[in-house]
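J.: Following this message is one structure expressed as structure tokens.
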Amino acid sequence: MENCIFCKIVAGEIPSQKVYEDDTILAFKDIDPKAPVHTIVIPKAHIASLNEVDGDNLKDIAHLISKIPQIAKEQGVDASGYRVVNNIGRDGGQTVAHIHFHILGGRALQWPPG
Ligand code: AMP
Ligand code: ZN
């Protein structure tokens, strides 16, 4: 989608540090990491947020979620543990309107979030 920074990363128009890629999803390092491991996982197809997941695109999201443990393992946090975060909309703190899942780990994470 035009002017979507994550679509531009998928298209190679904006560089990223890729950590996993297949036909339908891409994982790359967050540009402003909040933990020693901070990876962003996205579907290559533009979906604005979890609110827009439907019967047509659910397959890509299901595939994405199924790959998170493998990506976490490759990032070295499978045994120590990690958090998967999906922010939705204004109050959820979503700043990029292309659905993405954060993988955070490498330190003890606090709960609850601010
Ligand atoms: P959210 O606040 O949930 O929408 O998360 C968006 C995340 O994308 C933030 O953690 C940003 O640091 C990250 N981000 C924004 N632009 C880029 C980029 N060009 N490459 C990698 N991560 C990015
Ligand atoms: Zn997009």
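Yeah, the Cβs are placed from backbone N, Cα and C, and that goes for glycine too.
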J.: Looking at 78-82, 93-97, 98-102, I want to know which stretch TrEMBL calls motif 'Histidine triad motif'.
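T.: In TrEMBL, residues 98-102 carry the label motif 'Histidine triad motif'.
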J.: Average the per-residue pLDDT over the domain 'HIT' (5-114) and send me the rounded value.
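T.: 98, rounded to a whole number.
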